[in-house]
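Asks: Input: one structure, supplied below.
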Amino acid sequence: MSSHDGLMVFTGNANPALAQEVVKILGIPLGKAMVSRFSDGEIQVEIQENVRGKDVFVLQSTCAPTNDNLMELMIMVDALKRASAGRITAAIPYFGYARQDRRPRSARVAISAKVVANMLEIAGVERIITMDLHADQIQGFFDIPVDNIYATPILLGDLRKQNYPDLLVVSPDVGGVVRARALAKQLNCDLAIIDKRRPKANVAEVMNIIGEVEGRTCVIMDDMVDTAGTLCKAAQVLKERGAKQVFAYATHPVLSGGAADRIAASALDELVVTDTIPLSAESLACPKIRALSSAGLLAETFSRIRRGDSVMSLFAES
């Protein structure tokens, strides 16, 4: 009996190309489901094959349009539950609303990441797979198992393949030091940190570089790139301090608000991302943006969960 017997993968409209890659690696067909809209825009999901007793994975990033993709995911999970699926795992490579994970200084704001966690559990999700959560503590918002996997093996593999000379890993802020230090250790290279601070109110933010960057090939490591404003400014500052080249590696290409044009016109030599979020036409047209596939990592994660094997051992050396 194959270890993939009983394993089924379904997807919504967020990233069907990634789902197709995953099932191709697993050697199984993509689950048959109709995901459409009623005339008033409401989402309709119909599961079009037998899932009774099956181990079902729903692959759906909650990227833009965030609310549509989130509702598709929850409605599909409910449809699968009512069709008697044996176990339902939501594979959410990019977990939307993750940046709203706390109340800063007791501001009157929602902790939206917790709201989303509650909604997914109520819908019937029994396990979560996500990749490079913006805040690790979001795992604690769930009362079900959460496998937060890392894109490090993908990004690290590309860095080793590129074999950049005089490599220096740069953390874009103090909060990213742990991630950047781990990468620097794997690459056996030095680490620099960008310390962003605002000297006083109504004064522009200043970037200070902690570390020697002159003559080095700098690699900025982050979990996501959104508008790319800070990233492009960091690349400019590094070049002004004498860096030969500046590359950026990030897991999630949110790339909103004209980010592709900003990157194209910046001092950044290249931005390397994964395909947890499909690239827009503007991003695909940008010669400085390159995407790596996360399908192999996701397929192996699905397979290990199906077999009952360790997932974290995938990252023992990352």
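Counting starts with 1 at the first residue shown.
Just so you know, glycine gets a Cβ as well, placed from its N, Cα and C.
So Swiss-Prot lists these for the protein:
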- Asp40, Gly41, Glu42, Arg99, Gln100: ATP binding site (BINDING)
- His134: Mg(2+) 1 binding site (BINDING)
- Asp173: Mg(2+) 2 binding site (BINDING)
- Lys196: active site (ACT_SITE)
- Arg198, Asp222, Asp226, Thr227, Ala228, Gly229, Thr230: D-ribose 5-phosphate binding site (BINDING)
Asks: Measuring Cα to Cα, how far is Gly41 (ATP binding site) from Gly229 (D-ribose 5-phosphate binding site) in Å?
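Replies: Distance (Cα to Cα, whole Å): 34 Å.
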Asks: To the nearest whole angstrom, what is the C-alpha distance linking Asp40 (ATP binding site) and Lys196 (active site)?
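Replies: If we compare the Cα positions of Asp40 (ATP binding site) and Lys196 (active site), the gap is 46 Å.
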Asks: Arg99, His134, Lys196: which of these recorded positions has the highest Cβ count within 10 Å of its own Cβ?
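Replies: When each Cβ's neighbours within 10 Å are tallied, His134 leads.
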Asks: Widest Cα span across the ATP binders Asp40, Gly41, Glu42, Arg99, Gln100, in Å?
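Replies: That value is 31 Å for the farthest Cα pair.
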Asks: Where does Lys196 (active site) sit by DSSP, helix, strand or coil?
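Replies: Once the DSSP labels are grouped into three classes, Lys196 (active site) ends up as strand.
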Asks: Cβ neighbours within 10 Å, counted over all protein chains: which one of the binding-site residues Asp40, Glu42, Asp222 has the most?
Replies: Asp222
Asks: How far is it from Glu42 (ATP binding site) to Thr227 (D-ribose 5-phosphate binding site), counting Cα to Cα, in Å?
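Replies: Cα-Cα, rounded: 30 Å.
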